[in-house]
Amino acid sequence: MSTEDLRIVWIYPDLLSTYGDRGNMLILAARARARGIPVETIEIRSDQALPDSADLYLLGGGEDGPQALAAQRLNADGGLHRAVARGSVVFAVCAGYQLLGTSFFAKGAAYPGLSLLDLQSDRGPARAVGELHGVIDPRLGLPPLSGFENHGGRTHLGPGVSPLAQVTTGIGNDGTSEGAWRGNLIGTYSHGPALSRNPALADLLLRWATGAGYLPPLDDTWTDRLRHERQVAVAP
Amino acid sequence: MPLRAKVASSVSRTAAALSRAAGRGDGSVIGGWIGLKIDPELLKHLAAGRSVALISGTNGKTTTTKLTVAALESAGRVATNAFGANMPTGHTSALAKAGATPYAVLEVDEHYLARVLDETRPRAVALLNLSRDQLDRAKEVAMMAQMWREALAHHPDVHVVANADDPMVTWAAYHCASVTWFSAGQRWHDDSWVCPECGGAIERAGGDWRCTTCPLRRPRPQWVVEEDGVVDPTGAWHQVKLSLPGTVNIGNAATALAVAAQFGVRPADAVLRLGSVTSVAGRYAQVERDGRLIRLLLAKNPASWLEAFDMAEAAPTLLSINARDPDGLDTSWLFDVDFAPLYGRRVLITGDRAYDLAVRLQVNGIPFEHVTSFADALAAVPPGRLEVIANYTAFQDIRAELDRVN
């Protein structure tokens, strides 16, 4: 292990890995290596201590029970809080996104979250399942968000965070806004391998994590075709 | 059988026959639906007087059902839902069509197990495995295990044949009074790292597993797959000669033998009959077309993709992915599958969602060619074997194109 490597930690794949969540780690590693950046990927199970010195942390989706357990263990561990205080990057999807807030709903009760983002989640009237598209906060300089959501929660943002996107198709937080970000932390309801359809978002995370102002472009022909196809599929 | 049930059963058969004649599929769903409208208790009446076995799980149900039928036929006539119509309408239609038989082996969709247990009062139920399938509509894995556990608690008289290698299945059957455990091996572990009993971590070593914080652990199996055969509870080894590929099907054969044993069929007699099963609803079927020997493999979720890679030979391979309603609309699962076993083979991709697959293969470092139809795929490969691995509706599309009926 070299300290020059980009270190990516996938937090608790034993608890938070519902549907292709591994994809985000694989995509970030592949896109970094394609630029000649050496990468170390680390999977930390829930019975291990979370290292606080990595560059980028990933949180995936999960069922109610594992989500509640993950919150409890992450709060007890404190590693993620120390990493965020050091300026590490966090990318969280679905249940992992809810975890970053002050509270979330699971198994019919409210649980304390990690309080890393000013937001709280409760239950919505119906499950949100389907394509999720939106216009991303212009300050991030990214093309539209394209993804798939599958969650029963609704998320209410406080003044300390900004929405990641304004919804054009789907539900996201509440039918209007989707996801949240502050500093180097991003959360989204676009679940599973969210970065597979959003390579520019993957590159933003890599730029934040490496401090590189610029990354040479990659051949994203297939991703572009996929994004276009999904855009056409949801067009009215 | 009460008169109402007789009428319902007769109308059900007629409706199914009409539906078939009209070219609207095999009619098993519509026939059963009409029969149950006339007599909601019809399935109960049709099952009464038969010795019934139910087969359920995420993967392998259709194949295991067919193997169990083959094994049981040495004892007498067997009614079965051979078309994979695995909900109560399909069961009703299958039993109505079969007439009186001493035995019935029914494939049951895992969501309907409780209801079908109530209505058919089976002698035995086989629980194969539980893993993620189509999360945008199916129940999550732990919830399904909970449903099974509750359903089985209402039927202490049913004998359970359960997979000791799957912690979720084991937990569902753990407190049943009468259980036979089998070990068929399991390639997919990603849905059972957390103990369903206590939330502790599950530890695996070799084929064994146990919870690190509570007493839940792998039970000692009585039926075990060993090389190309099965060891029965007496310790005798039976070679299994199947016409179906893959280690996973030896496991399905072990399950079939364990179920048949509950009906008094000796494994030595049953095992010889299993080779008669050559294709299952078109799966594993080999078709020759323009000098290409095409084999169709169905893979509908991450666990079954891993098994399909094990079955496929090192030949040009066509992958086809759709995301229509029966497949689940979400393609995220593609990132749960490691396509590395395909490395070094010539890979072609097609289907409605070929671009999702393209992005996945690119991240996996697997070179591929995109073709827009099955015909183009055939034209692109030289004479010889072509392996085709497809998910549900993509599989049906290709089957229709090859114009095969079972």
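Backbone N, Cα and C atoms are what each Cβ position is placed from, and that goes for glycine too.
Small disclaimer: the values here were computed from a predicted structure and weren't measured.
So that you can see what the record holds, here are the features copied from TrEMBL:
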type     : residues                               : note
DOMAIN   : B:55-184                               : domain 'Mur ligase central'
BINDING  : B:CYS195, B:CYS198, B:CYS211, B:CYS214 : Zn(2+) binding site
ACT_SITE : B:ASP330                               : active site
Taking the Cα atoms as reference points, how far is B:ASP330 (active site) from B:CYS214 (Zn(2+) binding site) in Å?
35
Same-chain, non-site residues whose Cβ lies within 8 A of the B:CYS195, B:CYS198, B:CYS211, B:CYS214 Cβ center for Zn(2+) are B:PRO196, B:GLU197, B:GLY199, B:GLY200, B:ILE202, B:THR212, B:THR213, B:PRO215, B:LEU216
For B:CYS195 (Zn(2+) binding site), which residues in the same chain are close in space, meaning a Cβ under 8 Å from its Cβ, but six or more apart along the sequence?
B:PRO167, B:TRP171, B:ALA201, B:ILE202, B:CYS211, B:THR213, B:CYS214, B:LEU216
By the criterion CB under 8 A from chain A, which of the recorded positions B:CYS198, B:CYS211, B:CYS214, B:ASP330 would you report?
B:ASP330
Which residue counts does DSSP give the domain 'Mur ligase central' (B:55-184) for helix, strand and coil?
54 helix, 25 strand, 51 coil
What's the number of neighbouring CB atoms sitting within 10 A of the CB on B:CYS214 (Zn(2+) binding site)?
12
Quiz question: given the binding-site residues B:CYS198, B:CYS211, which has the greatest number of C-beta atoms lying within 10 angstroms of its own C-beta?
B:CYS211
Quick one: average pLDDT across the domain 'Mur ligase central' (B:55-184), no decimals.
92
What three-state class does DSSP give B:CYS214 (Zn(2+) binding site)?
coil
